[in-house]
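According to TrEMBL, the protein has these features:
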BINDING   LEU12, GLY13, CYS14, GLY15, THR16, VAL17, GLY18, SER19  NADP(+) binding site
BINDING   LYS106  NADPH binding site
BINDING   GLU191  L-homoserine binding site
ACT_SITE  LYS206  active site, proton donor
DOMAIN    356-443  domain 'ACT'
Amino acid sequence: MTSDAPVRVALLGCGTVGSEVVRLLEDQAGDLTARVGAPVELAGVAVRRPHRHPELNPDLVTTDASALVTRDDVDVVVEVVGGIEPARTLLLQAIKSGKSVVTANKALLAEDGATLAEAADAAGVDLYYEASVAGAIPLLRPLRESLAGDRITRVAGIVNGTTNFILSAMSASGAGYAEALEEATRLGYAEADPTADVDGYDAASKAAILATIAFHTRVTAADVHCEGIRRVTAADIAAARGLGCAIKLLAICERVPGSGGAPESVSARVYPAMIPLSHPLAGVDGAFNAVFVEADAAGQLMFYGQGAGGAPTASAVLGDLVAVARNRVAGGRGPRESAYASLPVLPIGDVHTRYHVSLEVADRAGVLSAVAGEFARRGVSIAAVRQTGGREDGDVPEAEAAEEELAARLVVVTHGAPDSALHATVEALAGLDVVRGVESVLRVEGLGRPVSTLGVAG
Ligand code: HSE
């Protein structure tokens, strides 16, 4: 299907991503026309400070975004500004005026995607947002369209490049968190205020979007349990390596089967976790993203690529723009997400996880039993225990007098148990006389790999 009438595009924001969108629209105008079946033209660009954009045609530039998104000669609004407001108001204005929307705004979608989706349904327009999760990686469309006939059971991955860069740097050089963050900032991977990345909020927004699409259930950022990487230490990384694991900040979206009268539910969570080095996600280093998808019929799938940056993100935006423009030319809408399943979201305390706990303990009789007792009391089964340091076999009996001064490190890896039971166990351990300190607590995720792939004696 072709049309002589152009598809006219309003662009909101012309920063790192927006300027690449403009470049691609100009550089590939001929190809885009052929692929869409109609010319795709820039109708206007809304920016806050026009003087910072001498590269743009001044006739296209405006500071009045609200007027631009409702203009009669605009068909599609592309939003790459980010943040909740004014983006939400502008996109709702656009949708209500009959414009289709392409957005990269993960925070808005994770907070209030339902309002946008409902407005788009009511207006009969498209709402596309491939660029909101994992930059250039085609992920949302495969989940929503290619796997629409399957039953997705898990979507788990590395969806934040900044934190993956930091954890990779810590692993490669033995550096601590602060040093690795400094390097990430110096090289431009971390922003001046890295809070959204290092505290996991960016990944949590992406997890909400992924879970919503994968499980046909509305999941918001507030539903996602979120822990960042600030407390990951060089010792944690070394401990992980000792177990044959890497530490990654994971976004995990899982379908949790119902049991004992409880209905099927979903879990969406973000935290740093140990994963076996044999898992494909463990080899994803630097600022790259990768997402591992499991579905009943398809089995295991892996999506890998650049999750941030101007050109990679613009690639995803242009892909959406072409799809939306094609739909316009054909006179219809594309497939959209649905939330018909409405599954409950499981609180983190009820999610089964596994812990790796490293304790500094007194090296004397009964310590192991006291520690093991706290796990047993809460129904947590231990998978492996390893002790290092402490008294050597050859120590002379005189050393007995100084026994209280001797310390050892006890590492415990658990089997799966409710996170609340694991959390309570760690709190109780911290209060034991024989425990001098809880050095590290990290979750362990097999992600479909059997426990035996961890380098610990079971
Ligand atoms: N700041 C994000 C990251 C990219 O580090 O991956 C945008 O979501």
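Note that Cβ sites are derived from N, Cα and C of the backbone, with glycine treated the same way.
Here the features listed in TrEMBL are placed on the structure.
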residue	record	Cβ within 10 Å
LEU12	NADP(+) binding site	26
GLY13	NADP(+) binding site	22
CYS14	NADP(+) binding site	25
GLY15	NADP(+) binding site	14
THR16	NADP(+) binding site	14
VAL17	NADP(+) binding site	25
GLY18	NADP(+) binding site	26
LYS106	NADPH binding site	27
GLU191	L-homoserine binding site	13
LYS206	active site, proton donor	29
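In the three-state DSSP classification, GLY13 (NADP(+) binding site) falls within coil. Within 10 Å of the C-beta of SER19 (NADP(+) binding site) we count 20 further C-beta atoms, all protein chains included. Rounded to a whole number, the C-alpha distance linking CYS14 (NADP(+) binding site) with the residue listed as 'active site, proton donor' is 22 angstrom. Note: the CA-CA distance between VAL17 (NADP(+) binding site) and the residue listed as 'NADPH binding site' rounds to 14 Å. In three-state terms derived from DSSP, LYS106 (NADPH binding site) belongs to a helical segment. LYS206 (active site, proton donor) carries a helical DSSP state (H, G or I).
GLY15 (NADP(+) binding site) sits 21 Å from the residue listed as 'active site, proton donor', taking the C-alpha atoms as the reference points. DSSP labels the residues of the domain 'ACT' (356-443) in these numbers: 32 helix, 34 strand, 22 coil.
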